[in-house]
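Here's the structure, in structure tokens; my notes come after.
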Amino acid sequence: MSNELQTQHFGITVMASTNNSADVKASDDEREVDALALFREEIITYGFQVFVFALTAVFICGFFQNNQALLAHMSDRINDLSMKELGFSLLAIIVAAGSIVLLWYLTGWEWLATIMGKIVGEVPRTLYFFGSSVGGLLIAASVGSISDGRIRFGSGGLLYASMFLGGFFVIGYLFRLSTIERTR
């Protein structure tokens, strides 16, 4: 007799079986497939965000015809305020989630757990948004530099963009994965 449990957390259906060790092994394999599917979904979404921000920069500079417009756009996007905004966004998410947890603890209303999960789910999205906006802009500026013959500067920019994009993706993805794992 198989005892199966199916729940849904953050839009992901989790299935578990408590029949015997063979079922547990199959369940572990299913989780690995889910992690791979989640990775594919997240990397594709992040890649399209990067593409949109890079394309926006290309449009703003008139397809690399106006370097001043590109520099102005870069100085608007990448500055001290950007880092403050990221920090304050993450702080606001923590305060909002903490407020919901406190309210949940005081009232016992179970629906608040779902709300709290959605608030915490914003952390990876915030990291993805910030990483893709700056990374996409760096890619556009690097491609513009390469097209102007400044290959060394442009290739260095692509390297920095790759490191920046990779770092923000890994941190956001690991946070997303850990929030899903905790709900299982």
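Glycine is no exception: its Cβ is also placed from the backbone N, Cα and C atoms.
Automatic prediction, not curation, is the source of TrEMBL annotations.
If you look up TrEMBL, you'll see 43-65 (among others) marked as transmembrane segment.
Summarising the annotation, TrEMBL assigns transmembrane segment to 86-107 (among others). When Cβ-Cβ distances below 8 Å are used as the criterion, the transmembrane segment (86-107) is approached by residues 113, 115-116, 119-120, 122-123, 126, 130 of the same chain, each at least six residues removed from its ends.
The transmembrane segment feature in TrEMBL is assigned to 127-146 (among others).
If you look up TrEMBL, you'll see 158-175 (among others) marked as transmembrane segment.
Under 8 Å from some Cβ of the transmembrane segment (158-175) lie the Cβ atoms of residues 39, 42-43, 46, 50, 123-125, 127-128, 130-132, 134-135, 138-139, 142-143, all in the same chain and six or more residues away from its ends.
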